[in-house]
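So the structure is just underneath, and the comments pick up after that.
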Amino acid sequence: MKLVVSVTPRNLEEAQQIDAQRFVDADLIEWRADFLEKEEILKVAPAIFEKFAGRELIFTLRTKDEGGHIQLSDDEYVEMIKKVAQLYQPDYVDFEYFSHKDKIDEMLEFPNLVLSYHNFEETPENMMEILSELTSLTPKAVKVSVMANSGQDVLDLMNYTRGFKTLNPEQEYVTISMGRVGRISRIASDLTGSSWSFASLDEATAPGQISLSSMKKIRDILNEN
């Protein structure tokens, strides 16, 4: 599994002060641009892409509807993603599929899409249908992050992930059960076929996130011969 760490600057000064060396153990960097005001995103973008030049980077604009910090219309959301993608070519571009479904045709031209779905309340009963619909669009990655309210929620998502990965071996999946009970899903991603696990450096960006240092130790232990 690849370890992903988010950067969440709230203004240009914070972005300029990021010490990229602190992220050396992360395999991917996720820029959560939703911690900024809409007008600041394109002003801060050069600093982020300069700081992490040569690193794999995910551009994410997480809206309030899916647990983020910014509220945008569908048009504003797509326009901002397109601008950043065209100007800076991040390795991955997150798109909240079910929240902005009417705009998906405008995004399919991008070969580096992460089609995502987030639910901070529950693990929906129709998880198989959700995974199936996202998979049918053949994005670069399918990402699903849902709240686990029981151990069974966690086991169900892990089983669904393993099943979909077995049937679609070329498709990248990233599935996470949020919350304390879901932490095992972050550790066992190699077993289920989930490609990434999100870890925290300073503050967690989702419930149940484990620190980068702990995740690195866990990964090293699991990879021992």
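In case you wondered, yes, glycine gets a Cβ from its N, Cα and C as well.
According to Swiss-Prot, the 3-dehydroquinate binding site annotation covers S6, E30, W31, R32, R62, R186, T205, Q209. DSSP assigns R32 (3-dehydroquinate binding site) to a strand segment in the three-state reduction.
A 10 Å cutoff on Cβ-Cβ distances gives H118 (active site, proton donor/acceptor) a total of 21 other Cβ atoms nearby, all chains included. Positions annotated as active site, proton donor/acceptor by Swiss-Prot, on the basis of sequence analysis: H118.
Around K143 (active site, schiff-base intermediate with substrate), the C-beta neighbours below 8 angstroms that are at least 6 residues distant in the chain are D94, V114, L115, S116, Y117, Y173, V174, T175. K143 (active site, schiff-base intermediate with substrate) carries a strand DSSP state (E or B). Summarising the annotation, Swiss-Prot assigns active site, schiff-base intermediate with substrate to K143.
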Largest separation between Cα atoms (Å) of residues that the record links to 3-dehydroquinate, namely S6, E30, W31, R32, R62, R186, T205, Q209:
20
Quick one: Cα separation, W31 (3-dehydroquinate binding site) versus H118 (active site, proton donor/acceptor), in Å?
17
Rounded to the nearest Å - Cα separation of S6 (3-dehydroquinate binding site) and H118 (active site, proton donor/acceptor):
16
Report, in whole Å, the straight Cα-to-Cα distance of H118 (active site, proton donor/acceptor) from R62 (3-dehydroquinate binding site).
10
